[in-house]
Each structure stands twice: as C-alpha cells, then as structure tokens.
Amino acid sequence: MKKRCVGMLLAGGEGKRLGLLTKNLAKPAVPFGGKYRIIDFTLSNCSNSGIHTVGVLTQYSPLVLNKHIGIGKPWDLDRQEDGATILSPYTAKKGGSWYQGTADAIYQNIHYIDQYDPEYVLVISGDHIYQMNYEELIQHHEEKQSDATISVIEVPWEEASRFGILNTHDNLEIYEFDEKPAKPKNNLASMGIYLFNWKTLREYLVADAESDTSDHDFGKDVIPAMLNDEKRMFAYRFEGYWKDVGTIQSYWEANMDLLEEDLSVSLNNKEWRTYSQDTNYPPQFLDENAVVENSLINSGSWISGTVKNSILFECIDVGAQSLVSESILHPNVKIGKGCTVKRAIVMENVDIPDNTVIDGTTEEEPVVINRDYVEQLT
Amino acid sequence: MKKRCVGMLLAGGEGKRLGLLTKNLAKPAVPFGGKYRIIDFTLSNCSNSGIHTVGVLTQYSPLVLNKHIGIGKPWDLDRQEDGATILSPYTAKKGGSWYQGTADAIYQNIHYIDQYDPEYVLVISGDHIYQMNYEELIQHHEEKQSDATISVIEVPWEEASRFGILNTHDNLEIYEFDEKPAKPKNNLASMGIYLFNWKTLREYLVADAESDTSDHDFGKDVIPAMLNDEKRMFAYRFEGYWKDVGTIQSYWEANMDLLEEDLSVSLNNKEWRTYSQDTNYPPQFLDENAVVENSLINSGSWISGTVKNSILFECIDVGAQSLVSESILHPNVKIGKGCTVKRAIVMENVDIPDNTVIDGTTEEEPVVINRDYVEQLT
Amino acid sequence: MRRLMGLINLEHEHDFLEELTYFRCGAATPFAGRYRLIDFTLSNMVKTEIEEVAVFTNKKYRSLMDHVGTGSDWELARRHGGLFILPPDWNDPTDISRGDLRHFHNNRDYFNRSKADHVLISGSQFLANTNYEEMFNHHVKSGADVTLLTVHLDDELPEHKSQLRVTADNGRVTQLTNDQNNKEAFTNVYIIKKDVLMDLVDECIAFHKDHFFFHGIKENLDKLHVESYQYNGYAMFVNSIESFFRHNMKLLSPDAYRRLFFDNSYVRTKISNEPPVKYRETADVKNSLLANGCVIDGDVSGSVLFRGVKVQKGATVKNSIIMQRCTIEEGVHLENVILDKDVKISGGQTFIGSSEKPFIVAKRKVI
Amino acid sequence: MRRLMGLINLEHEHDFLEELTYFRCGAATPFAGRYRLIDFTLSNMVKTEIEEVAVFTNKKYRSLMDHVGTGSDWELARRHGGLFILPPDWNDPTDISRGDLRHFHNNRDYFNRSKADHVLISGSQFLANTNYEEMFNHHVKSGADVTLLTVHLDDELPEHKSQLRVTADNGRVTQLTNDQNNKEAFTNVYIIKKDVLMDLVDECIAFHKDHFFFHGIKENLDKLHVESYQYNGYAMFVNSIESFFRHNMKLLSPDAYRRLFFDNSYVRTKISNEPPVKYRETADVKNSLLANGCVIDGDVSGSVLFRGVKVQKGATVKNSIIMQRCTIEEGVHLENVILDKDVKISGGQTFIGSSEKPFIVAKRKVI
C-alpha cells in the first residue's frame, strides 16, 4: 500500500563515548529523563508527526532496544500493514555483516521502502533529544520543491567547527556541505535529519552502493554527490531544543536540562507527548522523612531520604538518612541507608549498600556506577 | 514476566525439494489451501492452544515470511509483552552466520526464552499441515511427569523406514530413537514436535553447543543425549491429519486433500479456525457462463470459465471458455480466454495469455508455472 | 491527515429496513456479501487517512459495536484517536439539548481533545468506495465553512426522494430544497470547520433546536460559506428494503461490481477468517456473488450469498440475498427472498417473493 | 486459562459515592493515585490468564468505556475474546427478563460463543491484588457448581454491613446470611460452572426473578454444591465515601502500600504517558502517594495525588485526595478534602473537611 512518507530511523549506534552506559546497550536504548530511552524522543516525533511507517535499523547490542520497541504499541506504531519494523542486518546463507555506513543501511533496506512506494523518505537517528514536527519539514520541502531537505540548527560560531555546516543562499538553498570546517562560513549545523524524494534518493543509493571508494555515508558521500549534480537542496531551520547526548558529560547535562523551567523539550506538553513503555508501577511513595527538591521522580519509587537536583527512574528506593544530589538513578536502583550519592549516574539494578559515599563532584565527568563498582566497594 | 510455555517455531527451512515454489520463498511461506501460507497452520495451532509467546526462527528468504507474520495480528499474537517475535540469526560486529542446526537455533535464542522464565518450551516447525491442540500435549507431559515429550503419528509400516521412529514401552515411554531405520521395530514416527522442561533442555543445549562433534540437531544429537542419560521421555500419540508437504507432488496432494469431505483438517471447523492475513477483497463473482465443481475459490476472484477439482487463491481471473482442472492457482493469477490448465501449479501474479494450453497430466509431478515459463511461451 | 476528524452521525437515521432492522440499526445491516452499510463510510474515512472517528449511535447499537469491535480491522484500534462508538448515556439533569445536539453537547470532549481543524460528518446510507482527500482539498482551498458532497442523479429512484437537493452558484450553495427537478442531491456527507461546528452547536442548543444539519446549516446558508463538491464515481443510497434489494442485485452486473470494488482500494470490513468457498460436485452457480465460508452443493443464480452460507444438494436459490450462516436444505426453492443471518430453511419448502416486495425472513428463524 | 471466562457485573451496584458518582458509575471511580476501582478486578482476571471479560453496565458507563478503551492496556484488545463492555440496549419486545437477568439473557451469545466451562463473576467493590488461579483449582478439584470467595473480617467496618456472611460446613456453604457476628464475608466474587449458570438464568427468568445471585444461588443453596474459598491477602471493600476516603488514606502506611502493590505483580490501569513527578525548589512533600505528571511547588502531606496535579508555591494539601489534573493555586489550604478531576482551586482559599465527612468538590469545578 502506498504511503506518503517512510521514516528510516538509524538506531545502530555504539555510542562509544558513553563508556559504561553503552557497554551492553545501543546508544538509542540508554535510559533518559527519568522514564524514557533516548530513542523515545525520535519515535514520539514520528508518531506525533503522523509518520506511521518507520523502519528502525538496529545492529549494535539490539536486544534491549528490540524488546523496548516491541510491536511499537506505546507510539501507536503497532500496525499490521506498516507501523514500526525492526530492520537488522540480514544474514544470508553465506553470512552477514553490519551496515557499512548510514547510506548503506538504507540501501540494504530498499525492498522495505519500495513496498510502500513512498513520495518521501525521512532519514533520522535515534540518539538525539528534541521534539520536532516532521510534517512541517515536509511542508517546507514541498514548498521549495526540493529534492532533499536537511534540518539545521544554529550553533554558537565558536562551536561551528565541531559540526557539519551547511552553506546556503538567502533562500536557504544549500550550495555546500562543510564537514567540521576549520573556518566555518556559517553556523547552521546539520542535525542529521534528511528528507529525500525517494525516487531521487534511490538512484543515488544504488550508485553509491556500486562505488568502491565511497564510505556509504550520507554526510560524506550522498549529500556531496547530490550537491555536485546540482539537485535542489534546502535547509530547514529548527528553532527548538536539540541535544546530541554523545558523552557522559553531555548526557548528564541533557538530563539536568529537564530540571530547568523554560526548556522547550517540555515533557509536560500535552500537545506533544513523549511516549515510552509504561509498566504500571504504583504511585511513588514519600514517607515522613522524605525531602525532595528540584527533582524528577518516576513511579514505583519509595523515598525515605533526601533527593536534590536529581533524576530518578522507576522503582528507586532511597533509604533513610541518605542524600542523593545532582545524580541520575536508572531503574531499580536501591540506595541503602545513610548513603551519600553526588553527581553520579547509577546504572540499572544496582544496589548501593548502607553508608556508601559516592562523590563525583571532584571528577571531570559525573561518575558512572555499575555493579562491578559496588562489588569493589565491599 | 513468567509464561508457562514458550513456543519456538522453526521457520527457516529452504524446502529445496519444492523447486520453483521455494526459489524466493521460505517453505513455511508457500501459499496453501486457497488462502493460507503453510506456517498459518502452526501459528493457528499456537493461538488456538493458548500459547501466546512464540519465537519464530527465520533465516532462508525471510522477507515475505516476516511481512506475512507482521506483528502477528491475525493470530492474536500482536502483544507488546510477548506475542509473536521474529528471531533472525543475529549479526554481530564481526559478522553473523545461519543457525547450525535445529538445536543451535534454539541455543542462539536462549536469552529470548529466559526472559519469560517458562516451565516448558515447545519446539515446532512451520512446514507441516495439521491441527493440533498443544495444550493436550502439555497435559500428557504433566501427567507422565516427563522431561521431554515427542508427538508421534502412526505411519504405514512400509513407509516407516522413511521417518524418525520412536521405540517405546507400553506406557509410551521412549527408550530409543531410530532415524530412518532399515528394519523399523515400530511405526510411530516423530512429527518433529517436542515439548521440553526448559530447565532440562537448557542444560542440554549448552552442553550441545560446546560439543565440536555435534550437528546441533534435536533428532540427531539432543534427543539421543537425553535418552542416553535416561531422562523421562514419552511419546504423545496424535490421531488427526498430518502432512509434510516436502515435494511438489505431496504439496499438490495435500492441497487436493482439502477437496475431500472427511478430511480431519477441516477448514470449516469453527472451534479450530486457521487464521491468515485477510486483505478485504470483495466477494467472488461467478458470471453467466461460470461452471465450478469440486473446488475451493477465494475472495476477489472473477470466474467466467470452467473450474474443476482445483484450488484458487484470492483475486484470480478465469476467462471465458477456459478450463482449469486439478490445478492450484496462487494469488493474482489471471487466466485468459480459451485456455486449458490441467494439473498445474501457477505461481503468484502470473498472467496466462489467451488460448494457452498447459497440461501437467502427462508429467510425473504437477507442472509449476512461473513468469519465465509464460515468457517462453510467447 | 491529522487536520481532519470523522463523525458518523446515526442519530436521525431511521431503521427503515423492516425485519432487517428490528434488532440492529440501519448502519449495521449486512450488504453485498460481506459488508455492513457502515463499512463504506468507515473505509472511506480510513482511506482519507482520518485517524479519529466517532459514531453517534441512537439505539440497537449492539450489533454495530460487535461488528466494529476495537476498530482494529479498519486500523483504527489506536492508543490516541481511533474509533469511538458513543452510545447515548446522558446523566446531566441540567442538560437542555435535544436531538443530535445532545450527542454534540455530551461529546464536546471528543472534539476539543482532537488537534483536527475540520470534521467530516457522514451518515451510513450513502454508499461509495472513495476517499475524501480531493473534497477536503477543495474545502480548504475554497476557505469554506462547510462543504457538502453531492451526486448528480441520472435517474430518479424512490430512495432519492428523501435527499435534499443542492442549488449552487459557482460552487457556493445558495439553496437546499426538496425540489425533485433539481438533480444535484446532497449525500449527507459534509466537511465543516471544527470551530464553526462548535459555535453552531451552541447556537442550536440555546435556541432549543434538535437537528444540527437542518437548523445549524440549512437555516444558516446566508450566513455561512457553504460549498458544494460533486462526487462522480459509482454510488448509491440505501434507505429502504426496495433500494437495499435493488442495489445488492445491481452488483451482479460486472460493470457495477468492478466500479464499486475495484476503482479504488478495497472496502474494509470485519475479518472473519472464513475459508475459501467450497463448490462441491453438484454445485451449479451462475451470475452470483459469494463470500468466503460458503459451501455449495445446489443451484445458485442471480444471488448474493454472505459468509458461511450452506446450499445443499437439490436446493435452488434464485435472485435472493442470503445472509451469514444461513442453511438452505435439500430441495428448497427460494426466489426473490432475503434471509437474515442464521436462518435455516428446512427441506423441500418453496418461498417466492417479488423483486419489488421480496420475501424477508428475520434472523435466527428456523423454518 | 481458556477454561475460565470473566464477567464483571455492575447491574446491581449502586452509585454510592455521592458527587464522585454523579456522572460515572462506581466502578469508574478513581482510586489510589492512578487507578479506577474496576482496575483491580480487571487486573486480577488478566493475571488469572482469563482472555475474555464482559462487563455488564447499567448506566453512566461512558467514563468506564473511555477508561478501558479497547482493553489494550490490560492486554485484552484481542481479535478473539478480549474485553466487551456491554451496555443495556434491549430491543426485544417479547423479552420478559428483569434486573441483571436481562443482561444474562441478552448476552447469551457471549457465554455460548466461548469455549470456557466456568465463569468468574465479580463486582467492582472488593479490592485486592491477586490472581484467582488457586481458587479456580479449588473449584475444579472440589467439583463444585459454585465457589464463593470470602474474606475473614478482623474488624467490623461500616462498609462490611452490606456484605453477606458465609456459613460453611467443611468448605461447603450451608447458609448465606446478614448475621454480623459471622466474620466470614462474601466478596461478591465467585466462580460458577457455565452450564449451571445458563440453567439458573433460565430458571430465574421463568420465575420472574430479578437478581441472579440472590435468586439463582442464594435461594438454591440446598440444591447446588456451593464451596467457600478464603482469600488471605490485603483486601478492602469500597462502597461509600467514608470507606473510599479511609482506604485511600490507609495506603499511606508503608505496610499497606507494600502489601497491596508489591505482594503480587502490578495492578494494570490505563496508560497515560505522564512524565515523572517534578518536585521544584520549594516543594515539601511528606507521607504521600503521588502519580506521574504532578508538578509540586507547595506543601503536601498525608495525601494521595493523582496524575497531573499541580500544587503551586505556598499551597498546602493535607490529608486529602486530589484527582487527575487538579490545580491548587498559591496560598490555598486544603485539609480532609476530596477534589474530583479537573478542579481548580484559585489562590488563597481554605477548605477543611473532616476524615468522617471529607469536603468533596465535583469534577471540573473552578472555585
């Protein structure tokens, strides 16, 4: 059946710079914001934008991610005819291999896209935190009669050289793609969100797949090739909050951003809900001695101690006389009595014994606590 | 969450002896009975038996199969927490490979089974036609306090040497597994349906995976190993219709069996429906000149000619003055005017031009018609 | 198509189908071998990519609820949006609204909650297989408050008598009348801006009105911008036994069958998992529509057979409509008959009606 | 568990919860921060792996329908089986059945269609978090026609007055009385053989009875084999404002909270995708239950806050139950108050009730 737009969500990233957090977990599956996984933001964007045909390309440590997405119910993507479809690298009889690059990942799944005979293909990735209406991007694309539209965000000039910069004419038509330029001419950074006319992209993907010299990457190969052929390519300016949570520090910061008041990624926005698995935990319980300030706490949690400036996922226990501050506690973390936990990220299912002191305030990055860490303590 | 029984459905078979029918299609995906694919029978058995946690192990040509199963809606297996899950061979960074054997296929997916912490694991395959209540098998297993139960069917003594034969005591306890015995002591053939206590099976799978000499096959390795250790293993007698559609001839026969009256695989049995994708085609239309006898015809078909002793899938056209007999027409086959099609299997989307004569009655096996065949005609 | 939401308003539809609607509302009446009347409107909405559809029911809505279930067979079983069957269940003693205004008033939440700006409103008696995308584009482009879907009547049939006729000036509707000489008929399908709808609802309630379309729109043609948009495909009105019988039979012409079912993607209905039709040795079937699950030993001609009908050896079914799971035993002769579902006609009997006055048997009768 | 089907029978449940049940039936009343009363029974049935559940509704069932939706949040959105809300919609003029027998009579299909041999019947006012597997095993093993679930009352509370007391001889029920000295109380949860149920329904209808349990079972104790089965976990009856308030408050004791919610797997309810609770700088929350989506700037103690409640700076909420999406503005002081959903209390006001007679505000009021 024909669909106007198919979303292809790249979710295979290893996220190496997230260290322990991505040791057994793809980056898009990393818990975020007290209730979500990083990919929930992109999946919810699709759902809220009316894009109901979404191929999710997984490869690195896909188990938790696959389980999380399931049949796509939380995002209303549980559809027999389309919906969310997990696309893992295919293993043929003679073996299989990972996708060679972002473009190769799409190329390997041409058959998936073709069956919906779409007008457009939206290429997005599952490791950014933002809330965006892709329908507006599509409308921009249609108005400009574009072959490809790339979403951009203004970054501080001093940081521009860390990004892929798009040089555009006044009408936002792109004439050059500058990957991490030493001397940026512009401060419009690509957000890694591409909308293509499928007919056009398909040709470029096939050509790119045949090239021996290509890295099979959108930024490095496909976009430059299209620019070279003078295809109509436009930038689309995005104004809201957008964050790549690439490092432990930026992951921690992006979580803490949620404690700010005026954050445009407003989780409380009823018009643009972020959906995730919801597992029917009971309401959280704060006892007689609880002190909680400037924090987010999820269901099933039981607070007897003090929590400040922190993000607590579901089913957390914080014991009496304990202090948790500037920290992120992943699901099922149990903090014993009399503990102090500062500027730490405590990973899922970790039990912190009574009277433990963890202080990440002196470190460069927040400290990440897993079970091994706790075992070494005792 | 805990589940009593997890079904593991082996659906990766190439079905080489089905020739053209499985050229681009896994055997379980081959169309059957005017409306179904072979795997529908097993999936419906699961659903009707109350087994709602089903891992479907695909590898050979999985695209059509994956699409057919989708999120499992027709079988009521579209569940966020369990339901039908496609399990393809995993591709790790350094590459991936096909399952080495039936036991290896289950071994590679231990993590999938473990998450449901089941009492039992039911191993079944997606290439047989039968209607069976697995709940009765489980009850038999429980009554016998068995470690493993294998479903068996009585075969004619003269054919017994073509099967894996289970030699049992009077109480149906298995003491020997005889693979294709020259001199069978018994005519109870294994149907390839195994129920195991998961705890026991798990140990044997792990041991089997470590063995260099094993073929990692249930029949060849795991069952003999368990027998060797004197595990409690019982046969469960199945009395109904059961057919392995392994060759073109047996595929054709099994289809023609559906035209028999007393067939125990009764598609009209409301208590045991066989479910499949249903695509909302309009009712079939027989015009003024139609003659239809002893045939099954599916929705969306338009009959102007004569159809006898045949099975017609959805959206078939049979033109005026054409005769179709003893044939199987897969979906979207269009038979022109003045054609004769006898003892043929016409594959999906094939258009037979006007006045074509196809006669498979003189061949040893029914003739299989694909597009190439038709192109050679013209 | 998030800007458009759907409403199937059954409040003012009468149950005109005699025995067929004794226990079900008209919208739930079986039609054309495997459908119910409501399937056409519902499928058209789904094809228009409408993701929220409410149904205002009046009474006898149980079989309707049973038919649509969770909406999943129309891909409308959604966590957000989806299908809402809204039976009358009013408990506010201060509520002064009447007629279908009561539904609008008591279901205000449904409209407020949605992000859609426009509402497509339809009954269940206009049958076509289409999508409303072009009509909606016309509506938006023209900036109309309301856009009415019309058809041009080539022949005047009894069922057309109750259809309002539309007089338009350059697309803009100036009059809605009962003038049978005007061949431009209103289909009871229209698109309205949501805020205009809500304002008109308030106004109607305040003035004790009881029919939203008549009082809210027809009486306000001078104040509203009402456009007309013509539908040109195969279409029909089913609002009487006679039209019900005739339009079923008309589908036995190859042209009508193709135009209704194949000119657009398929009409969705409840999935029932019936096996293919089984024709046995003695079957003789001509010029008929058959749905899956039928088992045929006898003679069938010029008839529409619904799912799971059994026609035994030596039975003859001619120019008849036989609904789900009926059994026609040996030697029975039926002509111009409508059997509602689950009827069993035991051996040897003959029932003959006329095409103007078919012989009707209510459901679950054993005769 | 295909042998057991479920029925939640609300026909004879009165809407005893004053303002809270003006516009909703008792079963749909919010409870314990994120649930509705019916969630407990429904979840228990799902935990028992029952795959077909019907709900006999009487009136004010709209919010109930809205709450359960397609049943998908209970994994009951099924193609076969699943959840059926069955509102009263009777159209048969020959129907002579009365009371809840009308439901049984008009929904005979639901029972006949199922492959189950036994029916678990429950109301919505007995709350526990359990599964009925052991009870069912007892029922099957004892060969009983009917098995009644009972609880032993440690303390006699006002809400227990209306519960029948069970006298059993070696497990076999001999008497059902109103004797308050008998501490073995019937929970209105029972399992009955399906064929016994259908026979008793016919008998009751024939004799113009109007209450299935009283006339079909209680009056037939001598003819039927009725077993009693005791439940020992944390449980309560909620059938008055007073018991509603008390049992909400009781959950603020850590022991009760743990026993109700953690002794068995979680109680399912409608998913609402609210974000985690946000505690701001000035928040001071003690001894309270809070559901997701709340935003707290003020003081909260001894209270139950449902999803999406906002307590602004300088507001105090004490010993109160605040339902979904209420807003408590600056400087407000609430004590022993129940706010129904969507209430807004504007700045500076004080409302104080007592624990016996809490101050109740009906939904959507702005004060």
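Glycine residues also receive a Cβ, built from the backbone N, Cα and C atoms like all the rest.
Bear in mind that TrEMBL entries carry predicted annotations, made automatically and left uncurated.
Listed in sequence order, A:Gly12, A:Leu57, A:Gln59, A:Pro89, A:Ala105, A:Gln108, A:His216 are the same-chain residues at least 6 apart in sequence whose CB falls under 8 Å from the CB of A:Tyr99 (alpha-D-glucose 1-phosphate binding site). DSSP assigns A:Tyr99 (alpha-D-glucose 1-phosphate binding site) to coil in the three-state reduction, placing it in neither a helix nor a strand. The alpha-D-glucose 1-phosphate binding site annotation in TrEMBL covers A:Tyr99, A:Gly164, A:Glu179, A:Lys180, A:Ser190.
Computed over the domain 'Nucleotidyl transferase' (A:7-260), the whole-number mean pLDDT of the model equals 91. As annotated by TrEMBL, domain 'Nucleotidyl transferase' applies to A:7-260.
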Span of A:Tyr99, A:Gly164, A:Glu179, A:Lys180, A:Ser190 as binders of alpha-D-glucose 1-phosphate, largest Cα separation rounded to whole Å, comes out at 24
A:Gly164 (alpha-D-glucose 1-phosphate binding site) falls, by three-state DSSP, under strand
Surrounding CB atoms that lie within 10 Å of the CB of A:Ser190 (alpha-D-glucose 1-phosphate binding site), all protein chains:
22
Return the residue, from the listed binding-site residues A:Gly164, A:Glu179, A:Lys180, with the maximum count of other C-beta atoms within 10 angstroms of its C-beta.
A:Gly164
